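A.B. asks: Structure below; questions to follow.
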Amino acid sequence: MSSAAVVQAGDAPDPTVRNLLEQDSLKWVFVGGKGGVGKTTCSSIVSILLASVRQSVLVISTDPAHNLSDAFQQRFTKFPTLVRGFSNLYAMEIDPKVENDDFSNEGMEGFLSELTNAIPGVDEAMSFAEMLKLVQTMDYSVVVFDTAPTGHTLRLLQFPATLEKGLEKVMSLKNRFGGMLNQASRMFGLGDELNEDAMLGRLEGMKDVIEQVNRQFKDPDLTTFVCVCIPEFLSLYETERLVQELAKFEIDAHNIIINQVIFDEEAVESKLLKARIRMQQKYVEQFHMLYDDFNITKLPLLPEEVCGVQALQNFSTHFLAPYKSALRRGSVEELEERVSTLKSALQEAETELDRVRKGKQVA
């Protein structure tokens with residue numbers, strides 16, 4: 001970690017994502033966590049921030065829900081598309097299943113279906129390998145993955161092992177059926193490109209690509225994983241599981257983004273909100289205790305969704321500097337704000353009471 005990542009609060013890591021921008025060697029940035037915690041918003045903003053310091057950035061959604069298009073309010077496909085308003089930020093959305101027409105030939109269908117049924121995830125592995133091949137030929141400075149919920153991400157990291165099993169299955173099929181498949185493909189006039197040797201070569205090629213990329217994934221100079229969560233028990237538990245799994249796969253992770261935090265300095269009068277604040281504070285403290293060597297960035301809960309480039313850019317300020325409420329609890333300004341809030345609430349209630357009374361009189 002660079003010395004710039006240390007703030008005045010003793011030796012605590014900087015509570016921002018600046019370390020990601022300062023690490024010039026970074027090539028792959030994964031953003032993941034439980035469903036519904038704001039991963040897409042965070043990966044979109046991280047890619048926008050990286051685009052301000054790097055030559056070219058590609059953000060890829062591997063989540064079948066494809067919220068990237070919603071976040072930027074622009075339609076993306078499985079081919080990189082320039083994000084409107086940028087000259088060096090591209091986005092693409094891929095489905096984690098085989099989309100390649102190369103495999104749809106009739107002669108191979110039975111063979112492939114047996115292979116994919118025998119090895120769960122091999123179709124995703126093939127698709128991911130194809131996408132990585134594509135990405136590598138494009139030579140982006142840094143690639144940001146907006147990953148699907150946790151389990152999906154970890155499967156992605158197991159792909160070399162999955163493909164290894166796939167290759168073993170191909171070999172066993174080859175031994176069982178001998179040259180039968182070759183004869184069948186020639187008999188149907190499908191040519192030699194559909195025989196199992198071609199398939200084997202294809203799988204070997206993909207395995208090489210994924211193993212090469214996975215070596216990069218295990219290099220902390222090239223790859224890091226950003227965990228996104230919210231201050232609730234299930235999210236804390238899921239984050240802990242994710243951090244443990246990443247350590248098992250030797251993937252670097254030292255950034256946690258805690259989203260949807262309600263800050264208590266504000267003039268909050270709602271009992272429900274006050275209870276939520278107390279609950280959240282308990283989990284935020286636990287995050288700090290568990291991950292005292294992580295860069296923990298807290299993002300405020302907003303009254304509206306963050307959609308569109310302008311909204312994403314506005315919200316990005318909280319990624320670079322800790323959020324500070326406009327008011328300090330107990331200050332004259334905060335008390336004045338609370339009195340003003342209470343007065344307007346009282347006024348609304350009186351107006352509503354008058355309306356109901358008049359309605360009763362009419363009845």
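Quick reminder: no glycine exception, Cβ is built from N, Cα and C everywhere.
Curation plays no part in TrEMBL annotations; they are all automatic predictions.
Annotations for this protein, taken from TrEMBL, read as follows:
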DOMAIN    27-318  domain 'ArsA/GET3 Anion-transporting ATPase-like'
BINDING   Lys34, Gly35, Gly36, Val37, Gly38, Lys39, Thr40, Thr41, Glu232, Asn259  ATP binding site
ACT_SITE  Asp63  active site
COILED    332-359  coiled coil
A.B. asks: Between Gly38 (ATP binding site) and Asp63 (active site), find the distance joining the two CA atoms and give it rounded to the nearest Å.
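C.D. replies: For Gly38 (ATP binding site) versus Asp63 (active site), the Cα atoms are 13 Å apart.
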A.B. asks: In sequence order, which residues at least six apart in the same chain have a CB under 8 Å from the CB of Gly36 (ATP binding site)?
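C.D. replies: Same-chain residues close to Gly36 (ATP binding site) (Cβ under 8 Å, separated by 6 or more): none.
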A.B. asks: Please give me the CB contact count at 10 A for Gly38 (ATP binding site), counting all chains in the structure.
C.D. replies: 23
A.B. asks: To the nearest whole angstrom, what is the C-alpha distance linking Lys34 (ATP binding site) and the residue listed as 'active site'?
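C.D. replies: It is 12 Å, counting Cα to Cα.
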A.B. asks: Roughly how many Å lie between the Cα atoms of Thr40 (ATP binding site) and Asp63 (active site), rounded to a whole value?
C.D. replies: 9
A.B. asks: How big is the Cα-to-Cα gap, in Å, between Glu232 (ATP binding site) and Asp63 (active site)?
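C.D. replies: Distance (Cα to Cα, whole Å): 23 Å.
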